[in-house]
């Protein structure tokens with residue numbers, strides 16, 4: 001019924017708005033509806049003065065119906081299709097033609113009031129976006145040659161040094177060069193707890209510096225900041241149309257044509273077929289045009305979807321479109337990547353087992369030389385452990401990395417391999433574990449084997465703690481009837497131990513990154529609609545293969561680009577909440593559609609039985625539209 005208005009602005013222009021002008025524009029439709037209602041009341045009170053009351057009703061027609069008539073005519077001319085706005089205007093004019101001035105005016109009044117309510121939903125979503133945009137600073141304190149000056153944030157470039165004082169908002173994405181503080185990142189993550197930041201940490205535009213003074217090196221220009229990408233994502237979500245909404249919009253044109261054809265037939269057929277008088281025939285045709293209009297049906301989806309998108313954005317759950325909310329509401333299985341999703345993504349070495357004939361120092365020195373060349377989380381944990389044991393850097397060496405398996409390099413003339421059992425030899429690894437470390441793999445450790453030439457030199461056992469909320473989340477999902485699966489490259493025993501601790505129902509172990517897509521496809525065949533939760537980096541193809549890809553973003557650019565939804569704060573509880581709300585949205589949409597169709601059928605039947613007068617038809621029809629919109633607004637909270 002309403003075209004959505006999204007707030008957009010040039011990234012190089014400061015945010016300055018006249019609040020009074022903006023408020024007036026946002027409430028113009030409601031004000032017009034209320035004025036129309038006041039004129040109707042005045043016309044009713046002065047009904048003894050026929051000419052004066054008709055003039056007042058006419059004014060109510062014009063003031064209350066102008067916006068809708070303009071919208072309907074413009075849409076018809078632009079798209080060459082009929083719409084519900086035109087149908088309601090025709091119905092109001094028809095009511096006036098048969099002498100029902102008050103009823104026609106009331107129809108316009110309630111129609112404009114329901115339109116104002118729908119506009120409120122859309123404006124609420126846009127206001128949430130505007131509120132987010134208002135958090136972006138207009139100026140920054142730029143440091144040049146030891147001196148500072150205020151400059152527009154649009155002038156900042158990568159490499160610039162800026163100063164962030166206590167109480168100020170961070171003006172650009174960057175890295176702290178000096179200083180420490182706590183930042184309020186609630187604008188991005190929805191999490192109110194301050195986050196401690198020190199030298200070398202990343203900061204984002206729009207977050208609030210709580211106490212210490214910071215010097216930050218800008219890493220991205222203003223238009224490329226995470227803040228900007230979030231705004232674009234929310235704008236895209238607001239502009240998106242779900243399949244159900246697209247169907248309703250296509251259906252609207254055909255339905256309106258059908259109603260107008262039916263009205264044309266009803267102007268003549270009942271008179272000749274049923275013996276109705278001409279006045280009764282015309283009257284019933286006008287009542288039919290009022291009650292058969294699909295206003296409530298058209299408003300069944302959009303207010304609910306926009307309300308939930310707005311709700312999610314306020315609480316750190318970004319959605320790229322209402323279509324993904326519909327799909328999340330029907331998800332039967334959610335697959336989780338293990339590292340950084342089910343677990344914290346911070347593995348640590350817990351124990352090291354050395355084979356006979358090797359020393360721990362020899363093994364750690366070789367492993368350290370190799371793993372310092374890798375960026376894998378396990379490699380970083382191993383190098384940190386080696387450093388804590390006093391191992392020093394032995395210089396750069398060339399490594400050969402096999403993705404998902406391990407790393408090979410030549411150290412001091414010997415050929416060393418560091419990686420999974422399959423990388424160094426399954427049988428050799430199994431025999432070593434049986435003899436030396438059978439207890440380790442049973443307790444959920446990730447095992448990294450070390451091989452020198454043709455002998456196993458030892459193994460390193462690492463463990464990543466599961467997220468504290470993981471078990472509770474899996475239980476909640478199970479109560480919702482949603483199955484859970486964990487996809488991991490770990491050994492079967494390790495994967496099973498972690499899955500058992502987290503309370504997950506299905507485990508796919510020893511799954512390489514390129515195999516996750518096939519596993520997602522298999523799970524889709526088995527369970528139907530599938531969601532995939534990951535970090536958005538090494539599992540991007542799997543996120544795309546799922547019906548709904550959800551990234552534990554922590555505010556990363558990659559997560560925003562690869563996933564359909566992003567958990568800005570790595571809290572799995574928000575996922576459960578969004579699953580509940582998505583299901584609630586689907587229920588509300590179904591309720592709205594069934595209710596609106598039932599009301600239309602009931603009113604049409606009552607009209608043909610001559611058991612309903614026009615005023616009751618107006619109230620029943622427009623009242624159902626208002627109830628449908630109010631039902632959708634429940635998702636704002």
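Along the chain as shown, residues are numbered 1 onward.
Glycine too: its Cβ is placed from the backbone N, Cα and C atoms.
Taken from Swiss-Prot, the feature transmembrane segment covers 43-63, 89-109, 258-278, 286-306, 599-619. Residues or ranges marked as active site, 4-aspartylphosphate intermediate in Swiss-Prot: 337. Look at Swiss-Prot and you will find 535, 539 tagged as Mg(2+) binding site.
A map of Swiss-Prot features onto the structure.
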{"residue": "337", "record": "active site, 4-aspartylphosphate intermediate", "Cβ neighbours (10 Å)": "28"}
{"residue": "535", "record": "Mg(2+) binding site", "Cβ neighbours (10 Å)": "23"}
{"residue": "539", "record": "Mg(2+) binding site", "Cβ neighbours (10 Å)": "29"}
Checklist entry - What same-chain residues lie close to the transmembrane segment (43-63): Cβ under 8 Å, and 6 or more beyond its ends? => result 32, 35-37, 92, 96, 101-102, 104-105, 108-109
Checklist entry - How far is it from residue 337 (active site, 4-aspartylphosphate intermediate) to residue 539 (Mg(2+) binding site), counting Cα to Cα, in Å? => result 8
Item to check | Residue numbers, six or more beyond the limits of the transmembrane segment (89-109), whose CB comes under 8 Å of its CB atoms | outcome: 33, 36-37, 39-40, 43-44, 47, 53-54, 57-58, 60-61, 64-65, 68-69, 72, 260, 279, 282-283, 285-286, 289-290, 293, 614-615, 618-619, 622
Checklist entry - What kind of secondary structure is residue 535 (Mg(2+) binding site) part of, going by DSSP in three states? => result coil
